[in-house]
Amino acid sequence: MMEQILKNFFLFLSKNQGLNKAAKKWGLRFGAKRVVAGETIAEAIRGVRELNQKGLVCTLDHLGEFVFSVEEANESADYCMKTIEAIYESKVDCNLSLKMTQLGLDISRDLCVGNMRRILDTAKRCGNIFVRIDMEDYAHNQVTLEILHELLEDYDNVGTVIQAYLYKSENDVESVKDKKGNLRLVKGAYKESPEVAYPAKIDVDENYKKIIKQHLQNGNYAAIATHDDAIIAYVKQLEKEMGFSRDQFEFQMLYGIRPQSQLDLAKEGYKMRVYVPYGNDWYGYFMRRLAERPANVAFVIKGLFSR
Ligand SMILES: Cc1cc2nc3c(=O)[nH]c(=O)nc-3n(C[C@H](O)[C@H](O)[C@H](O)COP(=O)(O)OP(=O)(O)OC[C@H]3O[C@@H](n4cnc5c(N)ncnc54)[C@H](O)[C@@H]3O)c2cc1C
């Protein structure tokens, strides 16, 4: 009960634009350093290199929320391209994750698709680096999938994310079946209405297992992004029972969360990709992480009293 209240509270805070704006000036505070790799590309690449040295691969995410103007959207796309170039030049083992709203989806679909094409062309030129479109809230879900399908006509280095809490997830997984869809599968991080999403965790977990199996059986690549030991055990069991190759899937976890489990999976020979966010727009991301695990509020309180 208390956990649910805190969860809703942090999700509510994550949408506060005033605090988001203020946080950009604060620098990484309140323990955000534990889950955000730094504010600059150089800091982010340094973080990625350290993780690579430990046997982990990465995906970089330049944090950005509340994009309201064409200039902001283009600037954000430029930053994604700079990140791709930095990945390529530094030869780190890393790809890119980004959000459609960051590229101007709320302003115009064409603006967003145009920015996405610029990014994918840059990624192609830089050794065909893979670009993952993170999935946002339900309001952006269908349009994101439509954009993905449009991009798949011209590019093979793009994929998106399917959220198991949505009733439509099974259909969405099926829609990429014949397109060699490379999907990240997650439980889902936003607060959604029971009209579109399973309200009970147990149902989300069951549907998550279902779509993991479905996508692997369809013969497509799955990035299984979870910190949940029960789901990880389920995937290992599927691997054994159904003979899926380790080339067909990878695990993913967020930077700073369950770092020992990340290392353990890599040592067991699994591909383990760490999602590494960076940039000064860290506030919304940080609040969503706290919502996932309100117990982590302890490190915020600690952060309040440390520099
Ligand atoms: C790489 C990656 C990318 C993601 N991309 C998206 C996306 O594009 N769109 C989207 O909606 N969601 C995304 N998510 C978030 C995801 O939807 C879940 O909200 C999040 O992963 C928590 O669910 P879980 O599977 O880890 O399991 P949960 O059921 O939340 O947790 C299971 C167990 O994992 C551990 N755990 C979970 N979270 C934490 C934490 N913060 N700190 C410490 N331990 C923890 C705890 O032991 C917990 O009991 C992403 C997650 C990851 C890992």
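Glycine too: its Cβ is placed from the backbone N, Cα and C atoms.
Site annotation for FAD in TrEMBL covers Gln163, Lys187, Gly188, Ala189, Lys201, Thr226, His227, and the matching candidate from Met135, Met272 is Met135. Ranking the binding-site residues Lys99, Lys201, Arg288, Arg289 by how many other Cβ atoms lie within 10 angstroms of each Cβ puts Lys201 at the bottom.
Take the binding-site residues Met135, Ala189: by the count of other Cβ atoms within 10 Å of each Cβ, the lowest one is Ala189. Non-local neighbourhood of Gly188 (FAD binding site): Met135, Gln163, Ala164, Tyr165, Leu166, Ala197, Val204, each in the same chain, at least six residues away, with C-beta under 8 Å from its C-beta. Here the domain 'Proline dehydrogenase' (46-300) has a mean pLDDT of 94 out of 100. Taking a Cβ cut-off of under 6 Å from any atom of ligand 1, the binding-site residues Lys99, Met135, Gly188, His227, Arg288 reduce to Met135, Gly188, His227.
Checked against His227 (FAD binding site) by C-alpha proximity, the binding-site residues Lys99, Arg288, Arg289 yield Arg289 as the nearest.
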